[in-house]
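Over in TrEMBL, the protein carries these features:
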type     : residues                       : note
SIGNAL   : 1-21                           : signal peptide
DISULFID : Cys31-Cys46                    : disulfide bond
DOMAIN   : 60-208                         : domain 'Cupin type-1'
BINDING  : Asn105, His110, Glu115         : oxalate binding site
BINDING  : His108, His110, Glu115, His154 : Mn(2+) binding site
Amino acid sequence: MSPTNWSILVILCCAISFTLASDPDTLQDLCVALPSSGVKVNGFACKAEANVTAADFFFDGLASPKAINNTVGSLVTPANVDKIPGLNTLGVSLSRIDYKPKGLNPPHTHPRATEIVFVLEGELDVGFITTSDKLISKSIKKGEVFVFPKGLVHYQKNNGDKAASVISAFNSQLPGTFSIASALFGSTPTVPDDVLAQAFQIDAKQVGEIKTKHAPKKT
């Protein structure tokens, strides 16, 4: 194969990989999610169009702040395909995040989406970390926007003495959330203590104490 043909092949492969890097494009007007079908696809099977209603595209859960009752002082209210079935195959979703004074949305990633936040109220210190361990951070206030690139570890912290809130938008119907601390110290089965002790340069007793704080709540 000539160098020119190799170049064309490489470009085509890159184009295909970029195309597949986010939610796939829809092939019909709508595909309202039908989780009860039991069919396993990349997304959800479609509800019969004759049974589709406006309720499949509506959600009022982001209109007002929610009560925060946890140790980190923040609460995420998602508006994704689990809450709005009509989002299935459309590749978008929202969340509302509310923060108490000094509240934190702990370091986490979204494996399937880039996130962009719009500040509704208050001020936040936000940041993300690149794969070269560089922290990109900024303080943002009401009316301002900040972007967290897909898959990178990021956080938001309300360092003020007033409550804050944001609306987050994602380029995925179900972006997923991977909370770093909860995943490492609260997984089931648990990550071995010696692995965590060596990784974080702490002793096994400290690992145990942290795991206790992140242990899954019994229902």
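Numbering starts at 1 and runs along the chain as displayed.
Even glycines carry a Cβ here, placed using N, Cα and C.
Just so you know, TrEMBL annotations never went through curation; they're auto-generated.
Sitting within 8 Å of the Cβ centre of Asn105, His110, Glu115, and not among those site residues for oxalate, are the Cβ atoms of Ser95, His108, Thr109, Val117, Phe148, His154, Ser168, Phe170, Pro175, Thr177. Cα separation, Asn105 (oxalate binding site) to Cys31 (disulfide bond), rounded: 32 Å. When Cα-Cα distances from Cys31 (disulfide bond) are compared across the binding-site residues His108, His110, His154, the shortest belongs to His110. Mean pLDDT of the predicted structure over the domain 'Cupin type-1' (60-208): 97. Sequence-distant contacts (6 or more apart, same chain, Cβ under 8 Å) of Glu115 (oxalate binding site) comprise Val147, Phe148, His154, Ser168, Ala169, Phe170, Pro175.
Here the Cα atom of Cys46 (disulfide bond) is found 25 Å from that of His110 (oxalate binding site).
Around His108 (Mn(2+) binding site), the C-beta neighbours below 8 angstroms that are at least 6 residues distant in the chain are Val153, His154, Tyr155, Thr177, Phe178, Ser179, Ile180.
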